[in-house]
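Peer 1: According to TrEMBL, the protein carries these features:
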DOMAIN    B:20-237  domain 'MacB-like periplasmic core'
DOMAIN    B:294-409  domain 'ABC3 transporter permease C-terminal'
TRANSMEM  B:21-41  transmembrane segment
TRANSMEM  B:287-307  transmembrane segment
TRANSMEM  B:343-364  transmembrane segment
TRANSMEM  B:384-402  transmembrane segment
Amino acid sequence: MENLLANSPEHRTQPAAVPNGATPVLQLTNIEKVYQTKTIETVALNQVNLTINRGEFVSIMGPSGCGKSTLLSLMGLLDEPSSGTIEVDGRAVTSFSDKELANLRNLKIGFVFQSYHLINDLSVVDNVEVPLLYRKGMSGKERRQRALTALDKVGLSARTAHFPGQLSGGQRQRVAIARALAGGPEIILADEPTGNLDSVMGEEIMELLMDLNRRDGVTVVMVTHDEQQALKTERVIRFFDGSQVS
Amino acid sequence: MLRSYLKIAWKVLMRRKFFTFISLFGVSFTLMILLVVMAMFDHLVGPAAPVKRVDRMLFVNVIRHQMVDGHGWMNMPASIHFVDDYVRKMKTPEKVGITTTSANATAFTKSKLLALDMSYTDGNFWQIMDFDFVGGRAFTPEEVKNAQQVCVLNEATARAYFGSTDVVGRTIEIDLKRYRVAGVVRNVSAAQIYAYADVWVPYTLSPEFYKDNRLGGEFLVLLLAPSAQALPAVREEYQQMLKRVEIPNPKEVKAIFSYADPMLAGFTRALLNHNDQTVDDDNLTSFYLIVGGLALLFMLLPALNLVNLNVTRILERSGEIGVRKAFGAAGSDLVSQFLVENLVLALVGGLLGLGLAAGALALVNEAHPVAYAHFSLSWRVFGWGMVLTLLFGLMSGVYPAWKMSRLNPVAALRGSGEQK
């Protein structure tokens with residue numbers, strides 16, 4: 001009964017306020033994520049309400065283990081919340097099947113990971129093509145063209161035939177950003193994208209993300225430990241022990 | 001997408017060469033053995049000269065006599081009375097021919113003794129079988145009827161006896177009887193029991209040839225149907241005909257049973273015979289089930305080994321699986337990708353297996369385990385090999401692929417093998 005009440009509209013906590021004129025692209029309401037083992041129950045996220053508007057550059061900060069990455073996984077539809085609802089473009093995805101979620105990820109979301117997660121067996125351009133492989137009806141020629149355009153955007157036109165092992169950390173992260181961009185997503189979710197890079201390279205990647213946000217209007221949500229970089233974004237959301245503190 | 005799958009499949013094969021070697025060894029060695037067995041089996045029952053029209057042929061091996069008062073059974077080939085008065089009067093076969101299993105015979109040259117296998121046949125035998133004549137011709141129905149002392153030799157006998165194959169019209173002495181050579185044919189494998197012999201002579205010369213009313217004799221009967229589709233009608237008419245057969249000694253013989261079977265069914269009926277010999281089942285289905293089961297069992301071990309290797313290797317690739325899932329791959333996409341990868345491995349293994357099988361058959365042929373037999377990989381065996389390869393690829397790929405598709409993307413990106 002308690003659960004039913006908690007999920008009914010009257011009892012639902014309102015999501016974060018949406019500024020005038022802004023369109024929410026991601027909306028999280030009453031999100032809880034609990035990891036359960038036989039002996040222990042760990043609350044990773046506790047009653048999180050969060051709205052990300054179209055075109056925003058938001059950074060999420062907090063100490064290790066506070067639930068930042070879990071939050072990003074939920075936003076990226078890679079994981080399911082224990083309770084609460086996630087809406088993408090105003091549509092609740094709770095009842096979506098595995099296939100529908102995969103399709104939604106493919107169309108709307110691009111990921112950038114701290115450790116790049118490039119496929120070492122594939123060349124740079126083949127890596128960038130990966131999201132487009134799952135786009136129905138797209139020809140091989142168009143895939144290649146879009147991958148090359150994305151690589152051009154991150155300044156790696158000259159490295160298309162290289163393999164990840166032949167690139168520096170900064171270049172690999174650029175490839176990862178090109179891969180995230182290739183499918184033309186509305187949202188880029190970046191999990192500590194500069195975490196493995198030195199400050200100069202980190203700065204470059206940060207500039208690239210900001211440029212994508214400013215020029216192409218891509219919504220960026222970035223998890224970071226770096227206060228300086230976080231301050232460059234429009235909004236900083238801080239987490240502590242699974243709860244949003246500001 | 002397929003190109004990308006193939007590209008990554010090749011890279012994965014090349015990445016861990018030792019594992020790839022073990023996997024390929026398992027696949028190719030298993031397939032080699034299965035292909036060698038299949039090639040031998042195909043040689044035995046498949047269409048090959050002179051039994052080229054095997055799909056239109058039926059064979060009667062024995063007539064089973066059920067004795068009265070539980071005196072058991074007596075199995076014998078057919079007598080000439082049974083063939084002439086009953087089988088040759090059937091309407092559905094295009095031709096009815098007879099032959100005997102080859103019997104030992106001896107010929108002497110100036111310097112050595114030749115141990116020969118001799119068969120007694122009629123004129124139709126040569127029209128049902130497609131022998132490859134090096135010279136001369138078969139003996140005619142007229143020559144058979146008149147019990148003329150003619151013979152057909154195989155190449156090896158002609159060479160051994162005369163030193164040449166150009167011997168038509170010359171005389172050969174076998175078991176102290178002289179025969180004029182009517183023709184010389186290419187050697188026939190001893191595995192082809194209905195066609196094989198070193199020397200063929202008219203059945204009317206056989207010492208066992210009696211013209212009485214006994215049903216049991218020494219002849220194997222060959223029936224040629226007008227088409228492969230007509231086989232059931234011929235079989236059915238044979239059974240109907242059998243009901244009309246008059247048993248000459250009803251005080252001793254209670255009933256007779258006999259079947260006109262295609263080549264393989266003839267073997268299976270004899271091989272998998274059960275105690276009740278009155279049952280009409282030719283055991284072909286049981287044979288296929290047993291052989292299929294044994295082949296599957298034989299493939300199961302290397303397939304399980306490959307499943308094990310594949311499951312272990314999934315953990316190595318959890319990052320890639322996580323990335324693909326994050327960027328929109330559904331479970332079915334990953335299953336397809338992994339199956340393609342595994343089929344590529346199986347296909348490479350299959351091709352290697354074919355090569356190994358060809359080599360093994362060449363060694364077997366060198367050793368001449370069966371006289372004049374040349375085992376080879378036909379297109380039919382190749383086709384079956386490919387089917388087995390695909391089956392192997394699927395058997396060893398489905399479970400790991402399913403397991404891979406079930407990986408939780410978050411856990412996969414962290415590099416653990418946690419399932420959804």
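Using the three backbone atoms N, Cα and C, a Cβ is placed for every residue, glycine included.
Predicted, not measured: the structure shown is a model, and the values here were computed from it.
Could you give the neighbours, burial and distances for every feature on this list?
Peer 2: Break the domain 'ABC3 transporter permease C-terminal' (B:294-409) down by DSSP state and the numbers are 97 helix, 1 strand, 18 coil.
Sequence-remote contacts of a segment are chain residues at least 6 beyond its ends whose Cβ falls under 8 Å from one of its Cβ atoms, and for the transmembrane segment (B:21-41) they are 295, 298-299, 301-302, 305-306, 309, 345-346, 348-350, 352-354, 356-357, 360-361, 364, 375-378, 381, 384-385, 388-389, 392.
Tertiary proximity for the transmembrane segment (B:287-307) is limited to same-chain residues at least six positions away from its ends with a CB under 8 Å from its CB atoms, namely 22-23, 26-27, 29-30, 33-34, 264, 268, 271-272, 342, 345, 388, 391-392, 395-396, 399-400.
Here the transmembrane segment (B:343-364) has long-range neighbours at 6, 9-10, 13, 20, 23-24, 26-32, 35-36, 39, 306, 375-377, 382, 385-386, 388-390, 392-394, 396-397, meaning same-chain residues at least 6 beyond its ends whose C-beta is under 8 angstroms from one of its own.
Long-range contacts of the transmembrane segment (B:384-402) within the same chain: residues 27, 30-31, 34-35, 38, 295, 299-300, 302-304, 306-307, 310-311, 314, 334-335, 337-339, 341-343, 345-347, 349-350, 353-354, 357, 377, each at least 6 residues beyond the stretch ends and with a Cβ under 8 Å from a Cβ of the stretch.
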Peer 1: Given the model, what does the mean pLDDT over the domain 'ABC3 transporter permease C-terminal' (B:294-409) come out as?
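Peer 2: In the predicted model, the domain 'ABC3 transporter permease C-terminal' (B:294-409) has a mean pLDDT of 84.
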